[in-house]
Amino acid sequence: MRRPVILDTNVVSEAMSPSPNPNVVDWLISTPVDRLHLTTITVGELLFGVALLPEGQRKRTYCETIARTMEYYQNRTFAFDAAAVIAYADIRAKRQRMGRPVSTQDAQIAAIARANGCAVATRNIKDFEDADVPLINPWDPPASSRTTSPTGRAGSSRR
């Protein structure tokens with residue numbers, strides 16, 4: 001089995017948008033569903049985003065979409081557990097020492113990925129560099145999809 005892939009919040013949000021990027025849609029369709037995972041951090045970010053919306057149809061639609069997404073991924077959602085906590089401290093400290101601080105949420109997602117041997121699919125590659133996890137940018141065209149090794153070196157990858 002190939003490495004599991006954690007979807008960053010921006011990938012999930014893009015898939016929920018009324019007119020998602022075609023490269024992201026193609027990538028999601030072409031990636032075996034059992035490889036795709038969420039984190040509790042992403043779920044929290046999605047719920048926070050919808051909580052900020054004013055009451056109305058748009059908010060109700062997003063709430064329903066998030067509920068369906070949570071149900072769909074219920075057995076494929078990684079939690080921020082003890083192993084991830086250790087990786088989180090290492091990632092935040094390393095990035096801080098490099099003068100490249102990272103947000104708490106991105107460090108938590110990267111830590112969950114590292115602790116579980118997963119890649120991260122994100123548009124924000126720079127936010128996850130130096131976390132020692134493979135990265136995938138679903139916005140890249142399929143023929144030139146960019147992935148980075150755990151060392152941060154770019155390379156080509158077929159999905």
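Just so you know, glycine gets a Cβ as well, placed from its N, Cα and C.
Automatic prediction, not curation, is the source of TrEMBL annotations.
Summarising the annotation, TrEMBL assigns domain 'PIN' to 5-132. The Mg(2+) binding site annotation in TrEMBL covers Asp8, Asp106. The region 'Disordered' annotation in TrEMBL covers 136-159.
For the domain 'PIN' (5-132), the DSSP counts in helix, strand and coil order read 81 helix, 12 strand, 35 coil. Cβ neighbour density within 10 Å is lowest for Asp106 among the binding-site residues Asp8, Asp106.
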